[in-house]
Amino acid sequence: MSARESLELINRESAVAAKRLHGGGRHLPGLWAVLWFLAFGTFHLAGNGWPGPVFPLWVPGVVMTVLFATGSVTSAVVGIRSGRGVRGTSSKAGAMYGFSWPIAFATVIAVNLLLMAKGMPEELIPPLWAGTMMGLAGALCLAGGAMYRDVLFYGSGVVLLLTAVGAVLAGVDYQNAVVAVGGLLSFGSAWLVEQRRCR
């Protein structure tokens with residue numbers, strides 16, 4: 001085998017390995033951009049902001065549950081597939097980071113529900129949920145971006161944190177619209193950049 005053939009073989013096998021490791025991961029930001037926009041956009045249409053309310057409040061609850069369950073299962077499957085055969089410190093760190101998301105969100109949900117049960121003023125409940133959930137998502141993206149040295153992921157976290165502040169400032173009637181657009185911009189921009197990188 002000549003040096004040129006050896007180099008071509010190495011490049012070919014490297015491309016195959018990279019594709020296997022990434023799996024469908026490069027499309028996950030695009031998936032989450034769509035799911036996020038549809039879920040929170042539906043909540044906005046059920047609220048009092050223009051042009052709502054279009055339908056009852058239980059509809060977006062069902063829509064969000066289905067969409068986020070779909071996204072979570074898809075993300076988990078892609079993560080498991082891309083991690084096959086990978087061992088060592090980076091694999092363990094990736095698994096720990098993956099588990100951090102459900103643990104952190106379950107904790108924030110529990111805290112928010114306890115605050116509501118203790119008589120939190122009703123006008124503060126919507127901004128509480130918008131601010132804490134978006135803030136947590138942004139912080140986790142910052143942590144992931146720093147851990148993986150991924151500027152794109154880190155940037156998504158910054159956008160989500162700014163969205164958290166914007167949602168609270170927008171008020172009850174339009175906070176879900178802000179969250180929907182913020183998620184679309186954050187995840188959608190990451191997806192577009194990733195597609196350009198892979199060309």
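The backbone N, Cα and C atoms fix where each Cβ goes, and this holds for glycine too.
Annotated transmembrane segment per TrEMBL: 28-46 (among others), in sequence order. Sequence-remote contacts of a segment are chain residues at least 6 beyond its ends whose Cβ falls under 8 Å from one of its Cβ atoms, and for the transmembrane segment (28-46) they are 52-57, 59-60, 63-64, 67-68, 70-71, 74-75, 78, 156, 174, 176-177, 179-181, 183-184, 186-188, 190-191, 194.
Residues or ranges marked as transmembrane segment in TrEMBL: 58-82 (among others).
What TrEMBL lists as transmembrane segment is 94-115 (among others).
The transmembrane segment feature in TrEMBL is assigned to 127-144 (among others).
The transmembrane segment annotation in TrEMBL covers 151-170 (among others).
Residues or ranges marked as transmembrane segment by TrEMBL: 176-193 (among others). With a cut-off of 8 Å between Cβ atoms, the residues of this chain six or more beyond the transmembrane segment (176-193) that come close are 26-27, 29-30, 32-34, 36-37, 39-41, 43-44, 47, 49, 130, 134, 141, 152-153, 155-156, 159-160, 162-163, 166-167, 170.
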